[in-house]
Amino acid sequence: MSSATDRLSTVTGRLDQSLQPLADGFNRLVGDYVGELNGLQFALVFGSLAAVLTAPFWGTFGLVRAMTVAAIWAIFAMSWDIQSGYTGYISFGHSVLSGAAAYTTAMLVHNVDPELSMAITIPVSILAALVVGLLIALPSLRLSGPYFSLITFVAVLIFYRLIPSFSAYTGGETGIQSVEVFTYDPIARYYYMIVPMLVIAVVLTVIARSNIGLILVSIRENEAAVNAAGIDATKFKIFSFALSSIPMGIGGVLLVHFTGGVDPTTFIVVDRSIEMIAMAVLGGMSSILGPLGGAFFLIVLRDYILTDLAGLSSPARWTIFWGLVLAVLVFVREGLFRKLWHTLERYGGGQP
Amino acid sequence: MSLLEIDGVTKRFGGLVAVNDVSFEIDRGEIVGLIGPNGSGKSTVFNCIMSIYDVTDGSITFDGTDITDHRTHEVVNSGLSRVSQESNPIESMPVAGNIQLFTLPNSVTSLRGGASDEEIYEYAARVDIEDKLREMPDELPHADVRRLEIAKALATEPDLLLLDEPFAGMNQAEITELAATFERFREEGITIVIVDHNMGGLMNLVDRAIVINNGDKLMEGTPTQVTEDPRVQKAYLGTAEET
């Protein structure tokens, strides 16, 4: 077994060495901001990037559609990660944030003016997500222990019950289905989702690899030490929630212009929050790119492989989805993509 | 003007009075011992100073500023740092990362900043762990974990260092070496307060000692005055009999 591993790492080591000059160039250019790569990791990151950017030219309609949805969920999973994954204050209520943005857009169109420009609805909706985020974060993040998680959970339940109570404005259970979609062209639509996702991935990665990421991880590991270091842990916890709310708002806006409407089941119910967590956990919490990978993996599996290729029914698809998440939780606690990342590190040729 | 003034500090937990109307002052450049039997309230005084606990009554002034109601990070940024009795390094970060955290600015917009590698090396070198910067905390021997705690406190650039039982669990050679390190800190301009329940080892190091028993301040004086005081002897003997 170990000799097979050795032989494999001789081959991969050589491959790593041949890619190293490219990786070195990358490291010199931006390594300080996003972390350094070896040759194999460079190949993974830029290979995936190339695949994602060219998907409409080689993928089927069903695959591209699944990847379009995955891009939005990747934004949710990464946004959840910068807050919950990094600080360890687990939010069970992130669908409230994307829901707030989506409902703001839909309610502005439905109640105020159907002709309202996206130049107005989009920023207002993202701001709404931020405001809701701060409303949750300010009172709850001063508490420690399980209270934060419980409050985020209750926030979803309240939001969900408020929708039918104000059905004249919210459309109740059926929601509002009069929101304009970005475009009906599936290829253009794909890039409408992918480009914001990539920008958010880069921004969050840079922040996560900075001092701020180090402080957020330290809050998770030992909050008392952070305060003893002269750093206001509460301020950073609230900041991480705000930092999470903004891309959640962006994702909510993308989703409402993808589906052309809002309803409580698609946007708010607590299942949606748990799915964001599942994607982040499956990919690898507190790594930003892990949750991105987790979202693509789970959604392409659920909406394309199990649907279009395997032709399974919805309950079967969801059972496999959650079964897989459970398996990762039990057997690969660090997450699939973090595991892959560390494997590439090990099979690389090492620093010359 | 003294650097630190504790004025009538009282801390009650429900019906238990942990610290009762304790007052003392620390002057710049001193090394002062805060001593007393186990459970006498010494660490509670430190916790009140660092705002881990809110005081029930009284005030704490540092360098002319009332810091009684400051929050922990504000107390640290005003120039006070405490080395706890329990070591609590972040296990997932190497020694260097643990020190680096204590140099980061308290600003959500500062992506870079904090100490350079050379500065982190210097902090580590002041407590002789500069060759262990890449090691993980759980690989270190006990004495080095304690030294890491001190290096972290140094990294906040304190004027006053509060040391809670710094010699606990160390052998005699390590104690002697650490005491010499504290003398060097004093020469570098750091004022030091050391909590210890064990009077013996401390008395060669400190200029003055303040004795606390059952939450009350019993007395303060030079090491000789303190060790010869019958009340102090009784407090220590009394505890010895009870345990």
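Heads up, residue numbers simply count up from 1 along the chain you see.
Yeah, the Cβs are placed from backbone N, Cα and C, and that goes for glycine too.
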Seminar exercise, completed: Per TrEMBL, the transmembrane segment among A:13-36, A:277-300 spans residues A:277-300
Exercise. So are the transmembrane segment (A:190-218) and the transmembrane segment (A:39-58) touching or not, going by 3+ C-beta pairs under 8 A with a sequence gap of 6 or more?
Worked result: yes
Exercise. In the same chain, which residue numbers or ranges, 6 or more beyond the ends of the transmembrane segment (A:238-256), come under 8 angstroms Cβ to Cβ?
Worked result: 71-73, 75-76, 78-80, 82-84, 86-87, 91, 94, 97-102, 105-106, 121-122, 125-130, 132-134, 136-138, 141, 179, 192-193, 196, 200, 204, 207, 212, 216, 262, 266-267
For this session: State the residues, same chain only, that lie 6 or more residues beyond the ends of the transmembrane segment (A:116-141) and have a CB under 8 A from a CB inside it; answer 'none' if no residue qualifies.
Result: 89, 93, 96-98, 100-105, 108-109, 147-148, 151-152, 155, 180, 234, 237-238, 241-242, 244-246, 248-250, 252-253, 256-257
Problem set entry | Cβ contacts under 8 Å made by the transmembrane segment (A:147-169) with residues that lie 6+ beyond its boundaries | 89-96, 99-100, 103, 107, 110-111, 136, 139-141, 264, 268-270, 273
Exercise. Can you name the far-off residues of the same chain, 6+ from the ends of the transmembrane segment (A:320-337), with a Cβ under 8 Å from a Cβ of it?
Worked result: 278, 281-285, 287, 289-290, 293-294, 297-298, 301-302, 306, 312
